[in-house]
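**Student:** Let me begin by handing over the structure; questions about it come next.
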Amino acid sequence: MTNLSLDGRFARELPEMAVRWKAEEAPDPRLLVLNDELASGLGLDADWLRSPDGVRLLVGNSVPDGATPVAQAYAGHQFGGFAPRLGDGRALLLGELVDGDGRMRDVHLKGSGHTPFARAGDGLAAVGPMLREYLVSEAMHALGIPTTRSLAVVATGRPVRRESVLDGAVLTRVASSHLRVGSFQYAAVTGDTDLVRRLAGHAIARHHPEVAGAADPYLGLFEAVCSAQAQLIARWMLVGFVHGVMNTDNMTISGETIDYGPCAFMDVYDPETVFSSIDSWGRYAYGNQPSIAAWNLARFAETLLPLFDDDIDRAITLAQNALGAFGRHYEGALTAGMQAKLGLTGVDGPAVAPLLDELLKLLQDNHIDFTSFFRALGLAARGDNEPVRGLFVDLAGFDAWLDSWRALGPDGAAMDRVNPVYIPRNHLVEEALTAAAAGDMEPFETLLDAVTGPFDERPGLQRYAEPAPEAFGRYRTFCGT
């Protein structure tokens, strides 16, 4: 593995947005989990990554010759308030490599130590939050949702002081890039239009090369990002995923999910579901995610206005027209996805829409577990109504809905291909992380195995398909910084 090479394209093309930096030395690095499948796809030798030299690479203490680790600069709106200088406070971009499919991928560290962007933070991360991101990001990938990936989590042997002293860790993350709406906001706030233009060109080359030859490639970039984000948010909604911190610095240009700090999956269906301990007003609630995405994209458009047209009024009109397509793309993706969840892919949309509206009201009024419902409904498509009927208190209302739905000829087998049995249920995640913090990785490994094969029911994993017991109570998440 001595021939591993990492490019420094971002640092080379956008030096104004990259600060060369080194990871802090990990005093006693110990590999906790390694993603063999991802390593293989990246052309990396998993056995070598498990070696002492490989583990040192995974925490950034040994980098290939020619690699240029950098902390990336970005700005962002955080809960609606603008911060002009955020950046990688506890992260480093080690560099880029080309995977087995010919795609350029970032190799990135999280929790690698204090950088010039750290502000008052220590730049470190604890084992629990890094394992959480590994678990949830790999579950999202298995669900078919665009996401950053997790290559490894390594315990550093360094204590991390939070409310108590915790074991430190580094997550090795892989992404199509770490370009964010906040990256463009940082470039724009400098007042350097050429920097914004070069950043846009970099984004086009990496993510949307098809627009490079368009009459207006920068407008094409914006339209492509709007479309990618519409598809992404729809996929979140279809599985009950609540991101929890949809700041503009956490919206990617690639259309991948990033930053799994306070995220969680909705249990009982409720559009007002919020898990994050710092989201006291519910800004990033489950049902608000589409509108927040549109708001973030409007902030992205603002950074690109000088590239759209020299005439500001015309530039604004172009941006508004392009942003207007986000809602149409989102509704189209959500409708198609819901039809698939109901086994009604071949049925005309107008016949399904009122049925779906009625169903969502029934789910909310009856406090029904979102994931369990759709999986049980697949059994009803095959004639076994009792599992899904057993979820409801208002049986008369649900039975009437069930008759209308079955009259449309749902496909139960198709439903099972899109409705998961296993998701990272909150009580199971906490159970696994608590055990891992005590040195027992077995619950984490079992849960990881379940959620990375989410659609196939397997013997011995029944408890991983069940909602949280009532005693688990109301769930709150924390960002882990």
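Glycine too: its Cβ is placed from the backbone N, Cα and C atoms.
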**Student:** Which of Arg103, Arg173 shares the ATP site with Gly87, Gly89, Arg90, Lys110, Asp122, Gly123, Arg180, Asp259 per Swiss-Prot?
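**Tutor:** Swiss-Prot names Arg173 for this ATP site.
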**Student:** Considering only the binding-site residues Gly87, Arg90, Asp122, Arg173, which fall within 10 Å of Asp249 (active site, proton acceptor) when distances are taken between Cα atoms?
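**Tutor:** So the list is Gly87.
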**Student:** List the residues of the same chain that sit at least 6 positions away from Arg173 (ATP binding site) in sequence and have their Cβ under 8 Å from its Cβ, in sequence order, or write 'none'.
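**Tutor:** Non-local contacts for Arg173 (ATP binding site): Asp106, Val107, His108, Leu109, Lys110, Glu133, Ser137, Thr148, Arg149, Ser150, Leu151.
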**Student:** Looking only at Asp122, Asp249, Asp259, the recorded positions on record, which one has the least crowded Cβ, with the fewest other Cβ atoms within 10 Å?
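**Tutor:** Comparing Cβ neighbours within 10 Å for the recorded positions Asp122, Asp249, Asp259, Asp122 has the fewest.
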**Student:** Hey, does DSSP put Arg173 (ATP binding site) in a helix, a strand, or just coil?
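**Tutor:** DSSP assigns Arg173 (ATP binding site) to strand.
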**Student:** Given Arg90 (ATP binding site) and Asn250 (Mg(2+) binding site), what distance in Å do their CA atoms have, once rounded to a whole number?
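**Tutor:** Arg90 (ATP binding site) to Asn250 (Mg(2+) binding site), Cα-Cα distance: 15 Å.
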**Student:** In which DSSP state, out of helix, strand and coil, do we find Gly87 (ATP binding site)?
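**Tutor:** DSSP assigns Gly87 (ATP binding site) to coil.
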**Student:** List every residue in the same chain as Asn250 (Mg(2+) binding site), at least 6 positions away in sequence, whose Cβ is under 8 Å from its Cβ.
**Tutor:** Gly76, Arg180, Gly182, His243, Ile258, Asp259
**Student:** For the ATP binding residues given in the record (Gly87, Gly89, Arg90, Lys110, Asp122, Gly123, Arg173, Arg180, Asp259), what is the largest pairwise C-alpha separation in angstrom?
**Tutor:** 23
